[in-house]
Structure formats: C-alpha cells, structure tokens
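Remarks on the structure that follows.
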Amino acid sequence: MPNLNENYLKLQENYLFSEIAHRVAAYTKQHPEKNVIRLGIGDVTRPLCQCAGEALLEGAKEMMSADTFKGYGPEQGYEDIRKAIVDYYKRSGVEIDASAVFVSDGAKSDTGNITDLFAHDNVILIPTPVYPVYVDSNVMCGNKVEYIEGNADNDFLPMPDWDQHADIIYICSPNNPTGACYNKSQLKEWVDYALKNQAVILFDAAYEAFVSDPELPRSIYAVEGAKQCAIEFCSLSKTAGFTGTRCGYTIVPQELVFTASAGEEMSLNAMWNRRQCTKYNGTSYIVQKAAAAVFSEEGIHQCQENLEYYRENARVITDTLSDLGIRFYGGVHSPYVWFECPKDMDSWTFFDYLLHEIQVVGTPGAGFGENGKRYFRLTSFGTYENTVEAMTRFQDLLETK
Ligand code: MLT
C-alpha cells in the first residue's frame, strides 16, 4: 500500500466552487420548477469575440491540412503569441522580454503549479480573504501558510508588516473576491518589502483588464524593482471569455535569480522552463491562435465591449446595494462586488437564504478565508437580464423582511 499525501486530509472536503455547485444541484433537484440565477462562480456569459472565434476556426482548418498541420508546439508558447503579449504590456507602458512569457492553459493551474519551484520551509504570506487556490495548493504540498489580514479597516488592501519576515507573498489585484485594487505606491511598498526580504511576490493579475483608471497599475511590473522580485500570472478567462477555451500566461523575468544553499545561482525563469518542459506539452495551437487574435488592436476593442457589458451588470448590483444602504467593495475595477451579509448572517447561512428564498446563487465569503466569513460575493458575469432579475428579487427580499 502506498503512503498517501495526507496533507489532503487538511483540506475542506470540497473545493469552494464544487461545494456551491453541489448545493445548487441538490436544490434544483428538489425544486425543478424554480428559475435559479447563478451569480456565484465567476464564469462568463458573453461568447468569444469575433476575431478570436474566427482565429479559432482558421486554426482548426490549418490542423485539417497536411501542409499546415501542427503537432507538439513549444512548451513556452508560440513566438507570435509571446510577442503579442509583450506588445500588450508595452501598450500600458510596461517592458517585458518575450523570454519571460510562458503561455499556459490558465492562471489557476499556474498559480497552483508554481509551488514546484519552492522548498517547503518558506514563510508564505497569503491574504485573507483571497482566491482559495493559493492556500489549497500550498496545503496540498505540506506548506505552512501565514495570513495577512484584509478587512474593512484597510479596505481589504493589507500592507506589509516590516517587522515580519516573508519568503513568498501572494497578491491578487484587483482582488478576487473583494474587488479592491492596489494603487502604485501601495504596490511599491510591497515590492520594496519583498526586495528587502529577498522574497518573491506571486502576483495574480487575472482581473487587470477591468481596471479603468489609468493611474492604477495593471501589472506589478509597472513598479520599479518588481522584475527582481515578482512573478505575474494572467488569464484570458475573464478578459476574453476563455473560461471554457482555456488560456493564460505567466511572466517569470530573467532577473529572478537567487542563491541556492550550496552557493550556486538558480534562475526562476530557467526552473519554470524546466518544470513546464517536463510536465506540460504546451497550450493547443488553435487556442493560442485565438489568444493571439485577442491581443490585436481589433481583439482588444472587441473584448472591451464585453467588459463594458459586465461593468453595466456591476452597476446594477452596486445600485441595488446602495439603495438598500449596504456598504460594498469592488464592482468598479473588478467584476466582483463584495459586501457584508445583511441581518447579521454568516456567509453560508446567507448563501442558503438567497438560494431558498429568491433562487439567487452567490459565493459565500467563508470560501475565501477566515476574514470572509461574514461577507458575500456577487459576480457581474451573468447576463444583463438575469442580473436585473436577481437584483430585483434581492431588493424585494431585503426591503420587505
Ligand atoms: C471565481 O469565481 O473566483 C473564479 O471564477 C474562479 C477561477 O477563476 O478559477
């Protein structure tokens, strides 16, 4: 019998969004006549933009002809898309080198897989509340985690404690689930702190496309010194509707070089490359072709139209919360709206209350960590009609009871 990885015993039985799906499936089985509106998991409803869809079809056609067929591609991604990503950064004034870009099947896998590069005795700081993959993937490999507190007092933007040492720091900005977004001087403080501690920041920028204020950084590399201390993860899931198509990218700058215990220099870029070449065979050609189209002038414009659609949904949600006098976070530079559960409920109780009373599904804040236990998240990724209907039901429920 094998010895099992008993770290799995330390995890919740189900991953957050599987637990939600499970509860919703049980409810709909009992009440098949009810119209359940899902504003829980951040899954998009707008289809792929025209130019991405066309590129996908063109890629499929190429795969059907011996002359243009492609087998295994480069594990790091095709040159065209790596260059398109470099150009995308350049548009917002950030210079990165194509050799730092690794195309993947999404930021979720990469933020989970990155633990492969680090030993298990690091001081790892993870905000609470935050995307649960960071904690779960560290628990799975036996790592101990320390939490940095996001709360109403710091507008869910925790800052470094200079008296505390850290080796690895997770930052998600705009934040999932709170929608809070660091400004440049706040990020600079994190970068300075990381440089002082010789720590690595794992910066999740999956929601960068939602930032509409040009003063707010969409990449950590907008901050001087970040290439010496940060890896950045990004995704086309929310930017371009790729939740089902799957494509993301991770930036591992060449500058990230540290000294191993016996004195040799180790490059995180070379290590990630080695890891990917061993465990990953590259993102499918047709998906990369569609992703490259997303970064074209036309693609960016078409994606912005979809983002505007979601921004309108976010306004519907935040207007309702304002009418009800419920304080909220996010919804501006983020597709998520985060608020304290009304009626002094904890978040799973509020989840069940909304599901049973008005058939609206949200995400309980407890799933994002201890500091989320009394909060709730709604997503603006639904259809406009469903969002309006959900918020009408929400307003009726909370006004009348
Ligand atoms: C979420 O709802 O938090 C996201 O959709 C999860 C993810 O991107 O994996």
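Glycine is no exception: its Cβ is also placed from the backbone N, Cα and C atoms.
The shown structure was predicted, so the numbers you read here are calculated from the model rather than taken from an experiment.
When TrEMBL records Tyr72, Ala107, Lys108, Tyr131, Asn176, Ser235, Leu236, Ser237, Arg246, Asn281 as binding pyridoxal 5'-phosphate, the matching candidate from Tyr89, Tyr193, Tyr207, Tyr309 it lists for that site is Tyr207. The binding-site residues Tyr15, Tyr72, Tyr131 differ in how many other CB atoms lie within 10 Å of their CB, and the one with the most is Tyr131. With a cut-off of under 6 Å between the Cβ and any atom of ligand 1, the binding-site residues Gly42, Tyr72, Asn176, Ser235 reduce to Gly42, Asn176. Under a cutoff of 8 A between CB atoms, and with a sequence separation of 6+ in the same chain, the neighbours of Lys238 (N6-(pyridoxal phosphate)lysine) are Gly42, Val44, Ala206, Tyr207, Ala209, Phe210, Pro335, Phe381.
When secondary structure is read from DSSP and collapsed to three states, Lys108 (substrate binding site) falls in the helix class.
The distance from the Cα of Ser235 (pyridoxal 5'-phosphate binding site) to the Cα of Lys108 (substrate binding site) comes to 9 Å. Ranking the binding-site residues Tyr15, Tyr131, Asn176, Asn281, Arg377 by Cα distance from Tyr72 (pyridoxal 5'-phosphate binding site) puts Asn281 first.
Taking only the Cα positions, the spacing between Tyr131 (substrate binding site) and Ser237 (pyridoxal 5'-phosphate binding site) is 15 angstrom.
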